[in-house]
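For reference, the structure discussed in these notes is given below.
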Amino acid sequence: MRFYNLVLPVPLPGALVYASKAPLLPGVRVLVPVKTRRMVGVVLEEVPEPSGPWEIREVEEVLDQEPLIPQELLRFLLWCQGYYLAPPGEVFRLAFPPGFFREIRRRYRLTPAGRQALAEGRAPEALSWFRKARSLRATRSRFTEAELSEFLARGWLSEEEDLSRLRPPEEPWLEFAGGEPLGEAERFLAERGRWPRRFLEEIFGRKAVEDLLRERRARVVSLPRLRRGPVVESGERPRPSPEQLSLIREIERFLPQGFTVFLLHGVTGSGKTLVYLEVAERVLAQGKSVLVLVPEIALTPYVETHFVAAFGREVAVLHSALSPSARAAEWFRVARGEARVVVGTRLALFAPLRDLGLIVVDEEHDPSYKQAERLPYQARDLALMRGRMAGVPVILGSATPSVKSFYFARTGRYRYLRLKSRPSGRRLPEVELVRLSGPEPFSSRLLEALSETLSRGEQALLFLNRRGYAPAVYCRECGEVLGCPNCSLTLTYHRARGLLLCHFCGHEVRAFPLCPHCQGTAFRLSGSGTERIEEELRKYFPGAEVARLDRDTVTSEKRLTDLLRRLRRGEIQILVGTQMVAQGHDLPGVTLVGVLLAEGGLHLPDYRAAERTFQLLVQVAGRAGRGNLPGRVILQTRLPEHYVLQAALKQDYEAFFEEDLARRRAFSFPPFKRLCLLLVTSVREEKAREGAERAAEFFRSWPELEVLGPAPAPLARLAGRFRWQVLLRAPRASAFDRPLQRFLEEVSRWPSGLRVTLDRDPEELL
Ligand SMILES: Nc1ncnc2c1ncn2[C@@H]1O[C@H](COP(=O)(O)OP(=O)(O)OP(=O)(O)O)[C@@H](O)[C@H]1O
Ligand SMILES: [Zn+2]
């Protein structure tokens, strides 16, 4: 017998030991007994025979011929688990696609005896369900426990385990049989080797494909299912400019040296994507694989299109908006080495690429690299760790680098690469600040600029980081604002849906209810969201086609690509949107960008509020003038003197950086110190406060840690839970390790009902 550490998808603090007669390779999945059921586990490593009184159970079945998960990824996952102090099962579950670990479902099948009983009317109602259903299988939930055991005992049902979802999804592909290609379809196949039958039928018709098979000029093979990607026009791939070329050479020079971090700081529209593509091509040619992270689902189609144009079906896409089966299919293509380029959002960080050769983090400053819920991890930081553990270079790209990354570039830890200009002589847009005074959302300056733009047949993009119609609704009688009963947030009015919505917990009420304070029936809307702006624009510019891009209008990948395509074709004149429009998109027809309220977000009690606002302004400004026509940007604001707005006006990253860094130094915030935020929540305020006090007390006994708080969180209540915080500060990350570990042990003895979340390196203190 040999013994192995396994990770199972359960929230236990460590690995579990199982026995196996056959040797097992790390990274393969196995079926093991757990209590009375079976589960899927991943083999980590062989261990010596444990000496304990407990019984060691045996592995029942090996699911994979070859390890699905490379060693390097296994080590990386374990490191993540240690850093974030999370159970390994939870980290593995997060990292792998749905279905990978899924608890094995039992299915029930009607036996011939059951069929006979039914026919003779001896079987009860519960079984007669099979007569109507097309399938002869059912899941457990069809029957009560008592029925199940009765039917099994009588032999009317048989029980089986459904393992089908643990296997990689496949589909038929056609393979050219060789010889001289005759028709069009054959030439196509001969050129490409193999192609999914589904796609061939779409291009050449079902008949042509059937002919090919009948004449045996092609054969069918079963291969991993290929995703149909979005179709965004990518155009010809340009030749790199001299400026791009010198950076590409510089990166290539370092490729053989293993782990190196590059900060690629290129102004908006400078062509960073082309730099990634060229370097990726070199890495692939060396037989290695490439991981490209993008922050938001909204950006994957753009980057994906360019990569697919360059590398075809070597590209796999991983993000959370894919259907579970599509995500699993893509994941298995990567695991089997069919795809060597992965483009995806933060969860792609855990892609099972073999022989990793390069990691790219596009828009590295973006807040969506940080996962807020469950396990709060920072994908950019983890990408650096994966790069270090795999010994491969990492390119962090941005027009507005995070203060932290820029600081490390300044101090020499990262290699700094600068793209100062846009290619082919295009200029950065002209920016102006316009002071807003009244309650009107549009200044006359912006309205004029809009009408000039429209009359020249060009496109405009307006940015406002608030969705819905009005962000607050006040009672006319008592003056109270309508708030969410579960959260300390106001309800947003969504006019088209006739609802008041909480943007945090989703609580909704029909518009308008009686005022909960005074039973009043008249209300006043305050402020504007994108829905209202869209409506106003239609009034001002009745002839123009206005569209909106936010989470309410763009609910699927398809809607997003449709909208972007219409925009590229010039079918939309004005696009209004939230941060989803702000970055990454390359829309050559847009010559005017308007920011409706440039200081939105600056007031948040958060040490990164200034950084985030500056980045958003520069990014959105960068959407203007990317084609052949020059661009123009209007920033409307009530705070024109603020340093963030002044730096945005001049598009001066360094000026912003110096000022912000000085503030962080003065207040001992990152990058000078490390933070850890502890959040204690409970449905009872007293309990949350007491818990936070206990936590603060605990940490005060560790001399290296500085304890700030406890204090109520700025968002004092969310989804019905009161929130209290303790902020910890230390000179080094490792100073947190032992105290946090001890603290978690202590917390496990706390009364239930208190929830404690640890956020290492928090990016928001709300
Ligand atoms: N060498 C080149 N010659 C001509 N056009 C180029 C060249 N390099 C890039 N472009 C074009 O410039 C535009 C901007 O490129 P890209 O989207 O990569 O910019 P970016 O640096 O990612 O900008 P942002 O940070 O604003 O997203 C694209 O339309 C791209 O095709
Ligand atoms: Zn709410």
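Backbone N, Cα and C define each Cβ position, glycine as well.
The domain 'Helicase ATP-binding' annotation in TrEMBL covers 253-419. According to TrEMBL, the Zn(2+) 1 binding site annotation covers Cys475, Cys478, Cys515, Cys518. As annotated by TrEMBL, Zn(2+) 2 binding site applies to Cys484, Cys487, Cys502, Cys505. The domain 'Helicase C-terminal' feature in TrEMBL is assigned to 507-662.
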Distance-selected binding-site residues near ligand 2 (C-beta under 6 Å), from Cys475, Cys487, Cys502, Cys505, Cys515, Cys518: Cys487, Cys502, Cys505
Additional residues surrounding Zn(2+) 2, by Cβ distance to the Cys484, Cys487, Cys502, Cys505 centre under 8 Å: Pro485, Asn486, Leu489, Leu491, His503, Phe504, Gly506, His507, Leu718, Ala719
Cβ-centroid neighbourhood (8 Å) of the Zn(2+) 1 site, Cys475, Cys478, Cys515, Cys518 excluded: Arg476, Glu477, Gly479, Glu480, Pro516, His517, Gln519, Gly520
Spatial neighbours of Cys487 (Zn(2+) 2 binding site) that are distant in sequence (at least 6 apart) but have CB under 8 A: Cys502, Phe504, Cys505, His507, Leu715, Arg717, Leu718, Ala719, Gly720
Cys505, Cys518 as binding-site residues, winner by CB count within 10 A: Cys505
Sparsest Cβ surroundings (other CB atoms within 10 Å) among the binding-site residues Cys475, Cys478: Cys478
Cys518 (Zn(2+) 1 binding site) to Cys484 (Zn(2+) 2 binding site) - Cα separation in whole Å: 16
Rounded inter-Cα distance in Å - Cys475 (Zn(2+) 1 binding site), Cys484 (Zn(2+) 2 binding site): 14
Largest tally of Cβ atoms lying within 10 Å of a Cβ, found at which of the binding-site residues Cys484, Cys502, Cys515: Cys484
Euclidean distance between Cα atoms of Cys484 (Zn(2+) 2 binding site) and Cys515 (Zn(2+) 1 binding site), Å: 12
Pairwise CA distance, Cys478 (Zn(2+) 1 binding site) versus Cys484 (Zn(2+) 2 binding site), rounded so that it is a whole Å: 17
Mapped DSSP class for Cys475 (Zn(2+) 1 binding site), helix or strand or coil: strand
Secondary structure of Cys484 (Zn(2+) 2 binding site) (DSSP, helix/strand/coil): coil
Confidence summary (mean pLDDT) of the domain 'Helicase ATP-binding' (253-419): 91
